[in-house]
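A short worksheet on the structure shown next.
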Amino acid sequence: MWSVVFYVISFWWVHVCVRNSNFSPRVKMGFEAIYCFFALFIFFCFRDITILNDTHAYFEWFDDLSHSAEHMSHGIWHVNALDRFEPGFQIYANMIMHFITRNAYGIIFISGLIVTIANILFIRKFTNGICLVVFLMLCAGVLESEYSGMRQGIAICVLYYAYFQLLKHRLFIFILCGIIATTLHSSAIVFFLLLILQKVELNRKFISITFIGGIIIAFFIDKVFEMLGLTDLVYYEQGMTRDSVAWAAIINTVISAIVLWFCYYIQRKYSFKVKEPLLWWMTILNVIFNMTSITFPIMTRFSLYFYPFIFILCILLSLIHISEPTRHLYYYLV
């Protein structure tokens, strides 16, 4: 237990040491990127199948398919409509077992490598403090969820790229990436909300409407599933039969709400502006989906897509600007 705690804290310690060094910004960023790569790669890509919730399920699924003569007789584009995993992920697994390795550890290793590289490349687009963002994502359980839920982790990596394409108004590429991500994990369809929110002005009126809508959905989420004809989903059944209080969802909601308030406070008090309103909208969506997950825990899968962006927004507001007050506030939040 303590070894894991020290492991997570090491990212914060490396960030502080590098930040206070006399090296150039380029060297600092390079050092943090290298440390994050090896620390994440070794810890997660070589993990045992008992580490993280879903690792064992993916391991057994891949092992069964790779040692099935009938399955291996098909090509990489073969998809089993009765399989519990989405078509895109089946094709992804077929590529691994046909071209790379039939060892079930291969899917853990390769998926972990993709998630590691994609997250580091994504973070460095916004800030040199890569270790700091990784530290925050580990504390929030975001990276653990990406490594554990391989389908959703890879889908998030695809959507990182899609986000930057949307900023460049390359709608075709964004939609194509969204479709690919949805074939990896069906929950990725939520990212298409950005097509709508990109056109919505970021002001109190629309933010209030969004939050009110989120609260209504949170109270009547079961009715929404019934209207959409999704009551046969296993997630719906699990949500409706849950009797215990979803404390993890409550904590996530409180944390994301505090982060949102913190960002709003910084922008309001110090007149800092973030040019891209989509970062704000994704932070708001994260709070709403976390709030909805209190009554329907599976909604945390949707909030996971937007979680990395709330830490990016924090950094853009408090560390990019050289301001001691905001820096102290940010460290206090951490």
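Cβ atoms are placed via backbone N, Cα and C, with glycine included.
Here TrEMBL flags 29-46 (among others) as transmembrane segment.
Taking Cβ pairs closer than 8 Å, the transmembrane segment (104-120) reaches residues 33, 36-37, 40-41, 44-47, 49, 55, 58-60, 62-63, 66, 93, 96-97, 130, 134, 137, 143, 146-147, 150, 153-154, 156-157, 160, 308 in its own chain, all 6 or more past its ends. Per TrEMBL, the feature transmembrane segment maps to 104-120 (among others).
Residues 8-9, 11-12, 14-15, 18-19, 25, 28-29, 32-33, 35-36, 40, 44, 115, 119-120, 252, 255, 304, 307-308, 311-312, 314-316, 319-320, 334 of the same chain lie 6 or more positions beyond the ends of the transmembrane segment (126-143) yet place their CB under 8 Å from a CB of it. Among the features that TrEMBL reports, transmembrane segment is placed at 126-143 (among others).
The transmembrane segment annotation in TrEMBL covers 172-197 (among others).
Under the heading transmembrane segment, TrEMBL lists 206-225 (among others).
Listed by sequence, the residues of this chain that lie at least six past the ends of the transmembrane segment (245-266) yet keep a Cβ under 8 A from its Cβ atoms are 140, 272, 280, 283-284, 286-287, 290-291, 293-295, 297, 300, 303, 307, 310-311, 313-314, 317-318, 326, 329, 333. Among the features that TrEMBL reports, transmembrane segment is placed at 245-266 (among others).
Look at TrEMBL and you will find 278-298 (among others) tagged as transmembrane segment.
The transmembrane segment feature in TrEMBL is assigned to 304-322 (among others).
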